[in-house]
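> Here it is, the structure in full.
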């Protein structure tokens, strides 16, 4: 059972505390963290691509969207987004991995791109061309202090995600047989 854990204040932590040991054993903590929110586009927020290009020019919009360190007016660059997302990952997620827990991260494209940059040791030039597919899982194994990626950010057809365990591989095989 997913249980939302609130950490945004002491009162929120108190209100989301679980007192039943049985419930704790049967639950999956779900932690919402603003640090994993999408990059803030500032004055571009809510505008579609055409409106934005009409207002600021196509080249300028492309530079804001695809550069690493140039933010749009009153917004965040990918570098700024990475600072908060990677700091959260290091402070909150890595300790859980070190203690042997499994962690699933569901977040927005730019915060995920930032974390992948950290895990895969990508350069600022490599990360701006990294494309992520919506809803396609990526699996990282944390072993001996290193992150090993299994799966592709583009599609699960590359060997990886489903090859992590025998059970997952068998599950994938059953799905393939059902749909093909």
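One is the number of the first residue shown, and numbering goes on along the chain from there.
Heads up, the Cβ atoms here are built off N, Cα and C, so glycines get one too.
TrEMBL annotations: computationally assigned, not manually curated.
What TrEMBL records for this protein is below:
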- 38, 39, 40, 41, 49, 65, 66, 109, 110: substrate binding site (BINDING)
- 108: site 'Transition state stabilizer' (SITE)
> If you count Cβ atoms within 10 Å of each one, which of the recorded positions 66, 108 comes out on top?
108
> Taking the Cβ of each of the binding-site residues and counting other Cβ atoms inside 10 Å, which one has the highest number: 38, 40, 49, 110?
110
> Between residue 108 (site 'Transition state stabilizer') and residue 38 (substrate binding site), how far is it from one CA atom to the other, in Å?
5
